[in-house]
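**Student:** I'd like to ask some things about the structure below.
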Amino acid sequence: MATSPGAVDVEVAPEPGGSCSSGGGSEEDRSEQERLLRRGELLALGNHLKEALETYSAALRLGPPPAGGSRRRLGTLVDCLVLHYRLRQRGRHKACEAAAGSAPEEEEEEEEGHQEEEERGRERGQQREDGAGATAGLFRCCGCRGFPAEPVVVSCGHSYCRRCLREELRAHCRCCGDPLGRAPSVAVVLGHLAEKWFPAECQRARGWRRLGELLGQGQLREAYEAASQALLEDSSDLMLHIYRAEAYAGLGDLKSALDDLNTVTTEMPNWPEVYFRKAKILRNAGSIDDALQLFLHCLALDEAFLPAKIELEKMLCDLLSPENVSERVKESTLNSTHFRSKPFIRNSEMGESFDQLHLNLEPDLKVQQVMPELIGRNLHRTQSAHSLNLTEKIAKDQCLKRVSSEPLLSSQEKSALLKRKLSVSEQDVTVSEDGRNKHKKQGETSKRDAAFSLPCGPAEDLIDASDFECSLCMRLFFHPVTTPCGHTFCKTCLERCLDHTPQCPLCKESLKEYLSNRKYRSTQLLEQLILKYLPAELSERKRINDEEMAECSSLTENVPIFVCTMAYPTVPCPLHVFEPRYRLMIRRSIETGTKQFGMCISDPQNGFADYGCMLYIRHLDYLPDGRSVVDTVGLKRFKVLQRKMKDGYCTADIEYLEDIKVENYGEMKKLQELHDFVYNQACAWFQSLRNKFRSQILQHFGPMPEREENIQMANGPAWCWWLLAVLPVDPRYQLSVLSMSWSSCSICTF
């Protein structure tokens with residue numbers, strides 16, 4: 001039965017290397033196997049392919065690999081093979097140039113020219129991603145680069161077509177590398193814009209979706225007929241060729257399936273998914289060697305294409321596992337078309353033991369040395385993928401011999417190549433089937449964009465600012481964020497709603513997980529579209545936001561007031577914030593950069609007391625449900641001049657208090673003596689407390705501050721406020737001392 005082109009036959013399967021979940025044999029064998037697997041991984045990271053293959057094979061002879069570690073280590077070997085594939089293709093290209101009579105100086109100049117063009121290509125690509133190009137460079141899927149008829153926004157803020165995420169073609173974002181996770185719902189705002197601006201493209205995408213549904217339901221003949229009919233109407237639609245190829249494959253017509261896929265690769269030679277599907281068809285047809293090469297070519301184009309990586313891991317595990325080698329498998333390998341076309345392979349070679357398979361590598365080829373970080377740069381991407389279900393047991397010595405043959409490259413050539421090889425999928429580079437990297441000239445249109453028929457942009461009369469309005473504040477989106485349910489809001493608007501309840505404001509879907517992660521990343525595509533088509537409106541929206549933030553940033557006017565408890569200068573004041581109004585207040589204090597707010601005790605007549613203390617946020621920990629634990633410390637005392645309200649919490653215009661300094665020498669001497677006497681008494685009292693009480697005080701207020709040399713500071717000695725905080729005295733007296741301009745004298749007298 002065939003499946004949708006999006007469904008790449010991904011299903012949970014055992015770890016490569018056998019059906020057992022852990023290695024068998026004695027503890028000594030398991031320890032030796034673990035050592036060999038680790039050594040094989042290190043050899044692969046160092047690009048010693050021959051030695052790595054020997055070590056992996058020796059490890060698998062001791063039994064099935066342990067669960068968990070084998071996938072990661074085989075992924076390292078896959079990275080090594082992909083690198084060798086790229087190096088070999090580059091070596092072939094250089095050999096062709098040398099055969100054509102290219103002079104070394106010309107090759108060096110051409111290489112430098114390629115690098116310069118590559119840099120310009122990266123700059124052009126970045127400009128397109130940043131919105132400097134046409135809408136075709138904006139309204140596209142970050143994964144397949146096609147038109148996102150069903151756009152979804154992932155947690156990092158980048159947009160993909162739903163098909164790319166639903167079929168788990170990637171585990172990490174192609175733009176930033178963040179994990180993608182499960183596919184969210186279609187973004188409502190972006191979906192509306194796609195339907196309004198590009199109705200023809202959306203209609204075409206609906207036809208693709210219908211074909212995928214037919215294939216998924218096993219209606220192969222109906223899918224074939226529908227795809228053929230659609231191709232008669234639009235022969236340039238390459239996706240129809242892919243769907244029809246899947247239908248052909250399901251019906252057993254593999255030649256026609258390959259013809260359709262070849263049509264696609266002719267027009268779009270840098271689309272990894274097409275090579276992956278060709279490899280699957282060839283593998284099922286018995287052309288194992290060709291399938292392996294195409295899997296490698298797929299990864300050479302996009303090293304993070306998960307299905308191809310997992311297929312290679314499973315194939316390598318089977319190739320290196322001795323129990324999978326049998327005469328039946330060898331015979332099937334000998335009967336393959338590709339093998340029969342290799343006249344230089346001696347029949348005696350296939351009769352050799354599989355244990356000696358990877359020892360027969362060409363000895364005259366020099367092993368290329370590559371820095372380990374080049375191989376393992378994206379190693380973590382393979383660990384979160386599902387396993388593909390491999391129905392055949394394959395073992396073919398020619399496959400490994402072919403991919404492990406290292407290219408004859410000079411150190412200079414290899415150095416120039418390594419600067420380019422690991423970013424093929426992100427550069428403006430076209431990789432043809434023969435492996436050559438063809439750098440596009442400046443201003444050249446991408447074949448892939450043309451093949452996808454990406455739109456040039458919406459008609460001017462279709463651009464409406466109301467399509468970009470937040471449904472909560474009814475203003476233009478500012479830092480728009482899209483929830484997993486597909487609705488988009490301004491970041492601040494959504495946060496205020498989540499302060500009250502962890503549900504989407506529109507559809508009421510639970511957002512508890514979204515709230516606990518606190519990844520409110522801006523939707524990049526929406527921001528780029530607003531910047532491109534509504535620059536004046538965006539400028540006005542920024543001006544209003546800046547004015548609102550400036551109003552919240554003042555430390556003398558409209559200062560936010562937390563009505564709770566007594567706070568003192570230099571004394572820690574931990575807080576548990578759970579009320580929605582105070583969640584908003586703390587968040588604004590962080591966003592403005594001041595990280596300060598006032599603390600006052602409650603007053604039955606005026607709402608809060610006339611005097612208080614400014615607190616500084618030292619650390620903030622959010623709990624999964626949105627509550628927070630705030631670590632603050634007192635700064636300065638203040639007097640309330642005018643009380644106000646803002647968004648549910650209290651604010652005030654304030655003035656700061658300072659102690660009056662003593663100028664007379666005699667009075668200063670008496671004050672110093674009183675200060676020292678009370679300090680010594682306070683230390684004696686604290687040391688006389690039982691350990692239980694002393695530990696509680698230390699945990700809440702910290703240790704008692706040391707005695708300062710200068711006691712005439714703006715807020716008095718720190719130990720005075722610490723003592724006032726820990727003493728069990730009436731809060732009214734504490735407030736009266738806080739309001740005095742002779743506060744240190746009052747504490748000492750008390």
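Positions of Cβ are set from backbone N, Cα and C atoms, glycine also.
Quick caveat, the model's predicted, so the values are computed rather than measured.
Below, the features straight out of TrEMBL:
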COMPBIAS  104-116  compositional bias 'Acidic residues'
COMPBIAS  117-129  compositional bias 'Basic and acidic residues'
DOMAIN    141-176  domain 'RING-type'
DOMAIN    470-508  domain 'RING-type'
DOMAIN    549-750  domain 'Lon N-terminal'
REGION    1-35  region 'Disordered'
REGION    96-129  region 'Disordered'
REGION    428-447  region 'Disordered'
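Context for these features, please: burial, neighbours, distances.
**Tutor:** For the domain 'RING-type' (470-508), same-chain residues at least 6 beyond its ends with a Cβ under 8 Å from one of its own Cβ atoms are 152-153, 157, 184-191, 514-515, 520-523, 526-527, 530, 534, 537-538, 540-542, 544-545, 580, 583-584, 587, 625-626.
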**Student:** If I take every residue in the domain 'RING-type' (470-508) and average their pLDDT values, what number comes out?
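**Tutor:** 94, rounded to a whole number.
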**Student:** Which numbers of helix, strand and coil residues does DSSP report for the domain 'RING-type' (470-508)?
**Tutor:** 10 helix, 8 strand, 21 coil
**Student:** Do you know the DSSP helix, strand and coil residue counts for the domain 'RING-type' (141-176)?
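**Tutor:** Residue counts in helix, strand and coil order: 5 helix, 7 strand, 24 coil.
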